[in-house]
Amino acid sequence: MTGGSRLPGMPDDEEGDPIVLHVDMDCFYAACERRREPRLEGEPVVVGMGYEGGETHGAVATASYEAREYGVDSAQAISTALERLPRMADAEDPDSDADPDDAGYYRPVDMDYYEAVSSEVKEILHESADVVREVSIDEAYLDVTDRTAWEVAEGFARHVKHRIDREVGVTASVGVAPNMSAAKIASDHDKPDGLVVVEPGEVREFLAPLDVAELHGVGPVTARELREMGVETAADLTDADRAALEDRFGERGAEMHRRARGEDQREVTPTGRPKSLSRESAFTEATDDDERKRDQIRTLAEAVADRARRKGAMYRTIGIKAVTPPYDVNTRAKSLPGPVDDPELVEEVALDLFAEFAGVEVRKVGVRVSNLSFADGEQASLGDGWESSADERDGDAEGDGSDPDTDDGQVSLGRRRDGDSESPDSPESGDGRDDGGDETARDDPDGQLSLAREWEGADGASDQLAVSDREGENSTDDGETSESDDSDPEGQVSLGDFG
């Protein structure tokens, strides 16, 4: 790991236990809709996949906790959800028998907006850790061993939570532990808006009373088979005969036995080179002071260019973000003739793009470089060429929340890349077991399914929508797909591009 900014007074302890954070956003899509419409706070909110306003088709992607009290669950048909929780618009119709006090707000999925919000969260995470593993649009692991110490790890994690809440306007549950699997279980242990710290030496005790279904990578079918063997809890799994587990489950049996004992030697590894680098800053209050905004753009441009240089990255696109009240996201970007490493150009282009927002009240600004190149090569000679390059407008005054870094048919957040579901110590093929779960629910304490766009090559032969697992949840991190889960306690379906 590379050294970042460590808390003052904290000793360097190369032999100490790792400090891993698992950050999981709470009912993320519903939270995004509430951020956009503050009046929805505390109200039942249902986000529908394949749903259009006023219609009855589609499936529930996310149900807020208030909506779940009416029996609305993720992956449920919208028609069923409407039977249990009528639309507020319908309930307010004078001819309707529905009670507005028992009605909810239904919204269609808006992935562009969710990805824009996610990018703000992920920016905070990357500023908080040297190593970040993004596993979905609303979930990531952080290795903060070089940033803090166990004595103050809880305060460090709380600071990350508070930054996300204060700067982005959504909440996260965070688990802190010495390994990835324990941190994941900890983040699920006290949702929503929870913070659970499991210190070294306490992992096995923390896991012991948990039902086997709560263990990372154990789905309902495997849990049922374990119960048939008399294994009900993690403590039972720890005491179980390892040979018997291997005989029944293959290598997964040995892996489950290790995880139940709190043993997980995997390291948090990045999900690959970044597609973009950005810096954002929020004002204490929204401002229309142009000089103040331009000063902030200059500061952010310098920071982004410095970050790119430290990572050995050149860039072909420079962009800005302007967030206007309440949370309308506007992005602009300029493409360059070729990859460059030019801090002065970043500032010049960013200020030029931001001129459109002169006199406009904004609450947050950002600068981004994208279309990154890490290979050694000859830098493009720009001259005045950038002046005539295409001006890419990826947002508008209405705040569509789109990301300027998606011109290659991919998104930089919420994607599974090749190999993400495999851990460094995973078996090549496991035991080949198929637990036979359905596609509409899974082993996921967050209750999130994933609708992925699968790209089959550059020839565009297939642009197919398919229900797919979300790495880290529906996958055991051993390269095996785990079972589906009808319980779906967190109740969110994840929609995102998978590269």
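Using N, Cα and C of the backbone, Cβ positions are placed for all residues, glycine too.
Those TrEMBL annotations? Automatic predictions, nothing curated.
Annotated features in TrEMBL:
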type     : residues  : note
DOMAIN   : 20-219    : domain 'UmuC'
BINDING  : D24, D138 : Mg(2+) binding site
SITE     : Y29       : site 'Substrate discrimination'
REGION   : 86-105    : region 'Disordered'
COMPBIAS : 91-102    : compositional bias 'Acidic residues'
ACT_SITE : E139      : active site
COMPBIAS : 250-267   : compositional bias 'Basic and acidic residues'
REGION   : 250-294   : region 'Disordered'
REGION   : 378-499   : region 'Disordered'
COMPBIAS : 393-408   : compositional bias 'Acidic residues'
COMPBIAS : 430-445   : compositional bias 'Basic and acidic residues'
COMPBIAS : 474-489   : compositional bias 'Acidic residues'
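According to DSSP, Y29 (site 'Substrate discrimination') sits within a helical segment. Sequence-remote contacts of a segment are chain residues at least 6 beyond its ends whose Cβ falls under 8 Å from one of its Cβ atoms, and for the compositional bias 'Acidic residues' (91-102) they are 70, 85.
Following the DSSP three-state reduction, the secondary structure of the residue listed as 'active site' is strand. Note on the recorded positions D138, E139: the fewest other CB atoms within 10 A surround the CB of E139. Taking only the Cα positions, the spacing between Y29 (site 'Substrate discrimination') and D138 (Mg(2+) binding site) is 9 angstrom. Here the domain 'UmuC' (20-219) returns a mean pLDDT of 93 for the predicted model. If you draw a 10 Å sphere around the CB of D24 (Mg(2+) binding site), it holds 28 other CB atoms from the protein chains shown. Helix first, then strand, then coil: DSSP counts for the compositional bias 'Basic and acidic residues' (250-267) stand at 10 helix, 0 strand, 8 coil. Cβ neighbours within 10 Å of Y29 (site 'Substrate discrimination'), excluding its own Cβ and spanning all shown chains: 31. With DSSP states grouped into helix (H, G, I), strand (E, B) and coil, the compositional bias 'Acidic residues' (91-102) comes out at 4 helix, 0 strand, 8 coil. Across the structure, D24 (Mg(2+) binding site) and E139 (active site) are spaced 5 Å apart at their Cα atoms.
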